Amino acid sequence: MGILGYIIIVVTIFWTVFTAPNGTLIFGDDIHRSYYFFSQYLTASIKSGFIPWWNPYNFAGTPFLANPITNAFYPINWLFFILPANVVYPVSFVLHLILAMSGMYLLSRSWFAGLLFGLSGFFVSRIYAGHIDLISSASYMPLVVYMFVRAMEKKRASSWVCASVILALQLLAGYQTMTILTLEAVLIFACIKKTNIFHLILSILLALGLTAFTLIPTQEFVRRSIRTFEKPYSWSSFGAITPVDLLQVVNPYLQGDQYTYSGAPPNYWEHAFFFGRIGFVLAMIGGAYVLLNSKRKTEGIVALIILVFGILMSLATPLYKLVWEIIPAYHYLRIPARHLILVSFGGSLLAGIGFSLVKNRWLRQLIVLFAVFEMIVFSRHFIEVKEQPEARHSSELVELLQKEKTLTRMLPNFGVWVPPREDLDFDSSMIYKFYNATGYDSTLLRNYYEFIDAVNGNVTPSILEHDVQVPYLNISSPYLDFLNVKYVFDSSGFRKNDGFLPRFFFVSKVVVLPRSDVASLIRSGVADLKTTVYIQDALPSPDKTCTGKVGVEKYNPNEIIVSVEAPCDGYLVSSEVMYPGWEATIDGTKTSLVEGNLAFRTLFIPYGKHTVRIYYIPKIFLIGGLISVLSLLACLVYVKNV
């Protein structure tokens, strides 16, 4: 009955979405600007009969299934294959909010605590932001903690395995930062309960093993992305809350809402954690009770520690810097305010304890009614329905790009947040099937990013200014042509670049230099990418100069077939980004495919007429899959024997 109550409440909150007219979609900024296009590309690809290992439409080529945004292996996301996106997104929100509430109900044994946590500002304000993966992952926090606490108490192998399975589901949901924060809460419980840390570590390793089939490819992508740039502590500490933000416990709109926010950067939803005024009062009562009474000491003390830890980390106090210095993963995390989930978590637990102290039946019912009303009104403030992204895109612009017969790219040369994106979202290239020299994604390949920086003459990385797209390209640079850019779209309009080079072409000059020297030549404008390829590998050097002919016979996301007529030895050069898993054959014989001009697929072509096949086989998925199978077998054998 308690969970049924959660279902009724959450469906009430989303009622306007489920009754909205056709052609509309629940509004979430990242959904409308990015996630929607990823889900559409995934489903369209699978339904057409091929696996989208690679995405050729963004950033001159980038991994797709390994991209943490895709989350193709998370069971809830399989709904996209049978239901339209305008149904799946609200259903996903509903299911995960109910999961968050139910998990807290199990952990705290308080229906009231579950209500406050699942509808806290940390979750519902992010609906407007479109943080679907963050909400999905965060919703598992109470259930994961519950399963681990249960395993600590029962000390049975089956309990630890069950905890591993739930943790694995959280990992599959995406946005692994939430998993890190969840494990911090688990570790606090383990320390207070004096648990054997060996079983905890083994259980976590099992979860990692079960999800290795997707985690390992994703980690390979992340290791080769811009996330590996060294960044100062100031970058990681950006987005911390201020003491004023803590007053949200009594007024969630003290500094405005998602439209009028005037507080510390970056925005409203990153600093939201409101869990009800009555929730705050009862949390204070619960906290005082824990400190003054010996009963329920363990759960209460843990809740207090988690709450205080969450506040200190969200404020980016010296504790945050200490963690940043000790744990390498924190060097790649940003916005300390995301630790506010621990504040909502601990606060809801304490509120549940405070509510249990209220013995009068009528007063309890009155408190529940007030809290339900307050949280529904608060939650509905972040629910909007808008037209699907295609409706606001410029039909004239889309038609022009889709009619393009040659294999060329378009460059949106402005920030992903400025008005021109209304005409054509950066990631919409995936559904309209045109080729984009940039995109909107925090995980983009470092080699391509470094090439763009070199083109712009930047000696140091631009990562502190541009971390979700490539830096704005100097359109007067001759290297714009090399990138196969035929159209440039910026704040001044849409224009054609007639000097663009083909996606694939033949050169007979090669220069072997260290990567840093190649970058210097490009920065200074000395490198001639039209006639010369710059590589680091010791490959054959042609002994004469000639001009070859290249024709693209087949171009698919995972496979490209090119015909080459080479009057002399030379190189097939491309503006297709190089990445592990790309291989090549010449006339059916495997050959070396190397990285040329800092970032792009290049191969040696001997004299004569040849058919070149360039194809993508991400063997890393096989390695990860084997680890997952072995982990599953080990898990079954372990449980059976123990």
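Cβ from N, Cα, C; glycine included.
TrEMBL entries are annotated by machine, without manual review.
Pulled from TrEMBL:
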| type | residues | note |
| --- | --- | --- |
| TRANSMEM | 6-28 | transmembrane segment |
| TRANSMEM | 74-99 | transmembrane segment |
| TRANSMEM | 134-149 | transmembrane segment |
| TRANSMEM | 161-190 | transmembrane segment |
| TRANSMEM | 196-216 | transmembrane segment |
| TRANSMEM | 237-254 | transmembrane segment |
| TRANSMEM | 274-292 | transmembrane segment |
| TRANSMEM | 301-320 | transmembrane segment |
| TRANSMEM | 340-358 | transmembrane segment |
| TRANSMEM | 620-639 | transmembrane segment |
Long-range environment of the transmembrane segment (161-190) - Cβ separation under 8 angstroms, sequence gap at least 6: 68-69, 71, 73-76, 131, 133-134, 136-141, 143-145, 147-152, 197, 200, 203-204, 206-208, 210-211, 214-215, 302, 305-306, 309, 329, 333, 338-339, 341-342, 345, 635, 638-639
Other parts of the chain folded back onto the transmembrane segment (301-320), taken as Cβ under 8 Å at six or more residues beyond its ends: 184-185, 188-189, 192, 237, 240-243, 245-246, 286-287, 290-291, 336-343, 345-347, 349-350, 353
Best-contacting stretch, by C-beta pairs under 8 Å, relative to the transmembrane segment (620-639) and drawn from 6-28, 196-216, 237-254, 340-358: 196-216
